[in-house]
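Database features, via TrEMBL:
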- 13-199: domain 'G-protein coupled receptors family 2 profile 2' (DOMAIN)
- 18-36: transmembrane segment (TRANSMEM)
- 48-65: transmembrane segment (TRANSMEM)
- 85-111: transmembrane segment (TRANSMEM)
- 123-142: transmembrane segment (TRANSMEM)
- 169-190: transmembrane segment (TRANSMEM)
- 288-307: transmembrane segment (TRANSMEM)
- 327-346: transmembrane segment (TRANSMEM)
- 392-418: region 'Disordered' (REGION)
- 392-402: compositional bias 'Polar residues' (COMPBIAS)
Amino acid sequence: MIEGLTPHQYTALVVTERVNSCISIVGIVFVVLTYLFSPGFNKPINRLIFFATWGNLGSNIAALISEAGPTAGPLSPLCQFQAFLVQMFLGVDCYWACCMALNVYLVFFRGYTVEQLRSLDNAYLLVCYGLSFIPALIFIFLSTKDRGHIYGPAIIWCWITEEWDFMRIAFLYGIVWVAILFAFVVYGMAAKVIWDKRQHLDGFLNPLNENPFVNTITTEIEVTTDERPIVKDAGGQQGFETYPDIDPYHVEVRVDPQRQSRPLPAALRMRSITRNVAERETNAEAWLYARVAFLFFIALLITWIPSSVNRVYALVKPGVVNFPLNYVASFVFPLQAFWNVIVYIITSQTACRHLWNSLFGRSSRKTSLPSTLAGRNLDDVYLSRGKQRLQSFSGSGEQVDSQELKDLSNKRSSSRNS
């Protein structure tokens, strides 16, 4: 039991740490499985989050061990292993945030493309995990007569002991805040660029705008239909009965990107960002890197600000354990992976919807046709309905979304193949 904490307070710290670790591990499993096995998630803007996830897994394993490490003894293999995991993986998120900020700098001020950023991945992996591994391993073997081993009990887990408290600052908190300040400066510079181009990039930082680089166009469609006679044989007599048929047909599509006679609907206005700016300055995926990095940075601040306040309090008042500050630290540290999963989901909304529909949506639908359409070719039915939709759009003065045209074309092709 730690001096300064009641049994109930200590239990609250342990339970909170383990519960939040379980939540994060569920999120880690989701990220790993979807990134590896679902093509919709395997895209450049999620790659760095995937790499950082393995560091989250290591720190969550240490959090699950919790007080079992100190209870086993300061020199026990479990305690030393737990301390190694904490030192190795706790600050990895900050290193990845620094790498993401560097990517933003390279994109905004050096014109890097996604392919060029991808070439830096191996170096990032080496820096983020290699630089953490070296001190984490060395600390296992270092000790002095006066202070003892570096690794030992540290309130709710094993880490750097209080006798070596300055090394927590030098080898974790100090490095973390250097990375945070670097990222802050880069995002400040990038924000100035975005502000200067705000008329062109309105909505860029909207986390719900999954792909802001969608050009707004006006598409006019003219459908010409011909009527053809259908010959029926009724008791040897041939009569002609005219039915409105849609085949053959002629479709004329005219695109006018400059036409802005009507305001866009609210749903389209959120995603209306000019493509020419993105193509001139950089490509769309590179801009999305910046958005992911910014959201990742916000998640990082949620974790490290309260934890740093607790560390400063411990330096100012050594030997005094502040339960509220320690509880907040034990709450936010295990949730690093959870916040990263939130960012991962925000930047993969379309893939998440497709995954949800494939897992829980209906596999098949039974469609009943009205009696007036019974017996008609589904090809004609789909095209006729499409014509009606186009007429309704034209009458209401709304613009036709290009996705509607794709859906109509896909329906026609599928019915023809069947």
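Count begins at 1; order follows the chain as displayed.
Here the Cβ of each residue, glycine as well, is placed from N, Cα and C on the backbone.
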Chain residues outside the transmembrane segment (123-142) and at least six past its termini with a C-beta under 8 angstroms from it: 48, 51-52, 55, 80, 83-84, 87-89, 91-92, 95-96, 99, 149-151, 160, 167, 171
Leading stretch by Cβ pairs under 8 Å, where the reference is the transmembrane segment (48-65) and the options are 18-36, 85-111, 288-307, 327-346: 85-111
Annotated stretches the transmembrane segment (18-36) and the transmembrane segment (288-307) touching (3 or more Cβ pairs under 8 Å): no
